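S.K.: What TrEMBL lists as active site is C67, H102, S119. The feature region 'Disordered' is assigned by TrEMBL to 197-263. Under the heading compositional bias 'Basic and acidic residues', TrEMBL lists 235-249.
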Amino acid sequence: QIPIPSVPAFQPSTPIPERLEAVQRYIRELQYNHTGTQFFEIKKSRPLTGLMDLAKEMTKEALPIKCLEAVILGIYLTNNMTTLDRFPISFKTHFSGNYFRHIVLGVNFGGRYGALGISRREELMYKAPVFRTLSELIFDFEEAYRRCWHTLKKVKLGHCVSHDPHSVEQIEWKHSILDLDKLTREDFRKELERHARDMRLKIGKGTGPPSPTKDRKKDVPSPQRGQASPHRRNSRGDRRPSAEKKPADSKAMPDLNGYQIRV
């Protein structure tokens, strides 16, 4: 009997870095899938709620996983860590005439960046949240690839993933696509920091504006209806009497029609 890893459970007082270590330990215990068979079909276009249902199935089956499955599982296991920002990071590398793709879940806690994931290589998965900037994290991955004789070609960065497991929104997998063949080292760093700034701004906007937007939507309908009626009277004067005959009461119809004739 192969032991089934236990899904990590946390006390409210458990620090976020310790929780991340426990989540990574669980992902590692599931082991990397070397079989060549994909045990779980993941469609990136599925809404978040569907992917979270799939992650729950992964914890029940406890089968070996690959990098994309580890990202979905990482999102699922960190949903209750509301102070933690999560976003996908994809890599495209070149080695010995072939291209390879890999993905991890980037995390940001207290302004420090790290990553969760799984890989054949230990240095291409977990990164503790100790990097001061996003560019430092990505450069660390680039150096790890270099030690494996891989050349980093492209980096794709997504936006922060919602903490609501029932959200019907899709994960934004590639908000920024950075081609290293077209960017200087400094431009690459600037683009990474620009993406980090965009994520901070999006998070900031997400906490404020939604309620005013809803209020505006509530206030809009009545003025719109009020403005629309004179336009219809001006442009479709012949149609308006017949349109109002249907809802009007039969006794009130003569007076109403008479008023419209006078207008």
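Using N, Cα and C of the backbone, Cβ positions are placed for all residues, glycine too.
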S.K.: Write down the Cα-Cα distance for S119 (active site) and C67 (active site), rounded and given in Å.
M.R.: 6
S.K.: If you draw a 10 Å sphere on the Cβ of H102 (active site), how many other Cβ atoms land inside?
M.R.: 22
S.K.: Least buried of the active-site residues C67, S119, going by other Cβ atoms within 10 Å?
M.R.: S119
S.K.: Between S119 (active site) and H102 (active site), find the distance joining the two CA atoms and give it rounded to the nearest Å.
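M.R.: So the alpha carbons of S119 (active site) and H102 (active site) sit roughly 8 Å from each other.
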